């Protein structure tokens, strides 16, 4: 073995890599925001009184959960222009991440909603609370509290999945790294370094989630 | 898309299946070793495997494939893409399966281990005949869930340049300029592999939930 590691290209590209980290965070947070909306909306629609809507939600969840994200992102990337929407790769990637995360969020949040007993809802209605208020305070919040750990680990997975968005050359860490690699041919050094950056990003996300959990979902001290 | 193109996709499908099988089988061996070390009670081993799991669960699969791919080449090993990617998936699967199985080993009631010790069973017999058979049952839904994740994950091997189903789709789509049709078909093929497994997994989960109620 007579290869000498050379980190100069990585150090030179460090400012770009850090901006790439911000891109990754943007993709992750944007994807999560869409995923939460789809997740909550999907859970509501899953109990719709129309059979077709219920089946559509179920079909969506199964379809997304059983196909690779890479195929989904290609499909969306090529399908959007046909639908008359011209989006840049980065918004396309955020949309794809949101759709993918949304399917998992529906499944996870549904589990939480099912754990709320019917009597709670009836008690809320009996107290004269408005239907929307019952949903928000009695169903949604305790459900989210119950499933928050699963939701958080799913979102960490979503954060890691953002690297796949480099396949459609969205702006994030992996595509920045690929550019530096193709200019310097220092593949191992570049990818080794950004692997550590990803590790940092996922730790950042974990502490972000535990802060949210402590701030919004903890019970008052007993 | 003609018959020829579809057959080419099926060739890719074959490699996806082979890669998933290798990753899962070798990963199972590695995962078992990691789960046993993680629950061994030896502090150093637990720390080491804990770090390994945190590393692989905290970084993207794509990066793991890149680093293994280029890292092996640096070490002077000039392996084919096929071997390098298999090693990558094995390391990845070992970490995830190790963590799943650690959980299930710890979920087996402590009294079982104590009873086995009281019957003078050694560590090997205790694990093989008492703890692991129960742990495997507990872990089955999560293990199948991970297998589905692994099959989907093999699509990332296409970015490293390994020709499996997703890359075959890419090639065909570049040839016939019908990306929607091609990726639709590729998606359906993945779905046909993963969906039955997912259904089986949730069936087991329900049955297990009923059994422990």
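Keep in mind that glycine also has a Cβ here, set from the backbone N, Cα and C atoms.
These figures come from a predicted structure and were not determined experimentally.
Annotation comment: TrEMBL describes A:21-209 as domain 'ABC transmembrane type-1'.
Using a Cβ-Cβ cut-off under 8 Å and counting only residues 6 or more beyond its ends in the same chain, the transmembrane segment (A:17-45) has close neighbours at 10, 53-54, 56-57, 60-61, 90, 93-106, 108-110, 113, 135, 140, 155, 158-159, 162-163, 165, 170-177, 180, 193-194, 197-198, 201, 204-205. Among the features that TrEMBL reports, transmembrane segment is placed at A:17-45 (among others).
Here TrEMBL flags A:66-84 (among others) as transmembrane segment. Listed as Cβ neighbours of the transmembrane segment (A:66-84) (distance under 8 Å, sequence separation of 6 or more from its ends, same chain) are residues 92-93, 95-96, 99-100, 161, 164-165, 167-168.
Summarising the annotation, TrEMBL assigns transmembrane segment to A:151-173 (among others).
The transmembrane segment annotation in TrEMBL covers A:194-217 (among others). Residues 17, 20-21, 24-25, 28, 141, 144-145, 148-149, 152, 155-156, 159-160, 163, 173-174, 177 of the same chain sit 6 or more residues outside the transmembrane segment (A:194-217) yet have a Cβ under 8 Å from a Cβ within it.
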Notebook entry, point to check: Do any residues of this chain, six or more beyond the ends of the transmembrane segment (A:151-173), have a C-beta under 8 angstroms from a C-beta of it, and if so which?
Noted result: 17, 20-21, 23-24, 26-28, 31-32, 35, 69-70, 73-74, 77, 89-90, 92-93, 96-97, 100-101, 104-105, 108-109, 144, 194, 197-198, 201-202, 205-206, 209, 213
